[in-house]
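Undergrad: Per Swiss-Prot, the feature N-linked glycosylation site maps to Asn30, Asn73, Asn117, Asn134, Asn135.
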Amino acid sequence: MVSTTTFLMLTSIATLTSARSHLTVTIGSNCTLKGPQGGHVFWWRIYDNGWFTKPCDQPGRFFCNGRDLTIINVTANDKGFYYGTDYKSSLDYNIIVLPSTTPAPRKTTFSSSSAANNTISNPTFTALLKRTVNNSTTISTSTISIIAVVTIGISILVFTITYYTCCYKKDEHKGDPLLRFDI
């Protein structure tokens, strides 16, 4: 039972993280993040402490053309998570920055998901994401994986209860004498 639960947890974590694009770039290079194909894309830079910024509001460091985001002259401070959405679909990127002496591996882009830093608090960003989900016509990979894990967990629980009630036979002679009422 414990090994099954561990397997399910690891599978769901792998499903959640597989949707994010991981890009490795070197210091001093330029990096372009492709946005969703829909309308105008809004980009967010997400920090580990829950704050986020709009990179397009910093024209010297970033270039936005309405869909793509280009990080100009990448520095070590540019590592982290970038989130682009057109409120119908979204893409997430995890930027890993290497020193310029280390050659960067080729860019590999997968389908993406979420991540955040600005002077606006985390609840505001959560409200923004809720609005994004409400306007979306597709279900994200993370939502599907969470639903699958919950369904499997409930199935295991129902199976365990059914097994206990059907297969456990109580010996008639063993019983608590205080609970017997032989009159």
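From the backbone N, Cα and C atoms, a Cβ is placed for every residue, glycine too.
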Undergrad: Using C-alpha atoms only, work out the spacing between Asn73 (N-linked glycosylation site) and Asn30 (N-linked glycosylation site) and round it to an integer in Å.
TA: 5
Undergrad: 10 Å Cβ neighbour count around Asn73 (N-linked glycosylation site)?
TA: 12
Undergrad: List the residues of the same chain that sit at least 6 positions away from Asn30 (N-linked glycosylation site) in sequence and have their Cβ under 8 Å from its Cβ, in sequence order, or write 'none'.
TA: Thr70, Ile71, Ile72, Asn73, Val74
Undergrad: Does DSSP give Asn73 (N-linked glycosylation site) helix, strand or coil?
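TA: Reduced to three states, the DSSP call for Asn73 (N-linked glycosylation site) is coil.
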